[in-house]
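Asks: Below is a structure I'd like to ask you about.
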Amino acid sequence: MIFKDYDFLQNYDLKNFEEKVKIYKELLSKFNRIHNLTHLKNIDENIFDSIKILDFYDFSKAKNIADIGSGAGFPVVFLAFLLQSNFHLFEPNPKKAAFLRTLKIECELPNLHIYKEKVQEYKNTFKADIITSRALMDVKPLLEICKNLKDENTVFILWKGSEIYQELENIKDYEIFENNLRRYCILK
């Protein structure tokens with residue numbers, strides 16, 4: 001994938017990003033053979049899906065970003081390759097958390113913090129400026145389990161499908177951006 005062709009990425013260090021993406025792909029291939037972390041077929045397409053949000057939302061003021069159910073790192077690992085924010089990844093699955101820790105070391109990402117626990121069990125010392133999640137659960141339960149990380153200024157950015165419209169019933173103050181079948185939902 002040629003990232004330099006995308007206007008929304010022009011202000012980022014794409015050489016460094018592409019080096020980290022290469023490391024990511026190698027590690028994922030290695031871990032997937034043993035631990036079956038993900039069934040995704042088109043990794044490049046999912047990487048693009050992870051960073052396309054930068055075309056719709058400005059992350060520059062976010063100091064702390066929490067990701068719920070980080071799995072194999074989509075979407076926030078790729079944002080962490082580009083942004084200086086502190087990324088807090090909550091992944092209770094030991095194999096997936098081990099993969100994320102290895103990735104942090106191999107890609108030299110001091111801004112990545114991995115928690116091998118459910119977010120609702122975390123005794124936090126920070127409030128997230130942004131909370132992200134990719135297709136983990138419906139919106140309302142997600143808002144509930146994240147209550148210990150959020151305050152009145154926290155923004156939720158969710159990678160969802162077309163079902164998002166039903167999930168947002170009785171919820172106000174949101175925006176949805178569409179890219180093919182993906183719905184990027186920003187809840188304020």
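Cβ coordinates are placed from backbone N, Cα and C, and glycine is handled just like the others.
Worth saying up front: this structure is predicted, and the values here are computed from it rather than measured.
The S-adenosyl-L-methionine binding site annotation in Swiss-Prot covers G69, F74, V119, Q120, R134 and rests on sequence analysis.
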Asks: On the three-state reduction of DSSP, what should I expect for R134 (S-adenosyl-L-methionine binding site)?
Replies: strand
Asks: Within 10 Å of the Cβ of F74 (S-adenosyl-L-methionine binding site), how many other Cβ atoms are there?
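Replies: Other Cβ atoms within 10 Å of F74 (S-adenosyl-L-methionine binding site): 19.
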Asks: Are there any residues in the same chain, six or more apart in sequence, whose C-beta is under 8 angstroms from the C-beta of R134 (S-adenosyl-L-methionine binding site), and if so which?
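Replies: Spatial neighbours, sequence-distant, of R134 (S-adenosyl-L-methionine binding site): S50, G69, G71, F74, P75, L158, W159.
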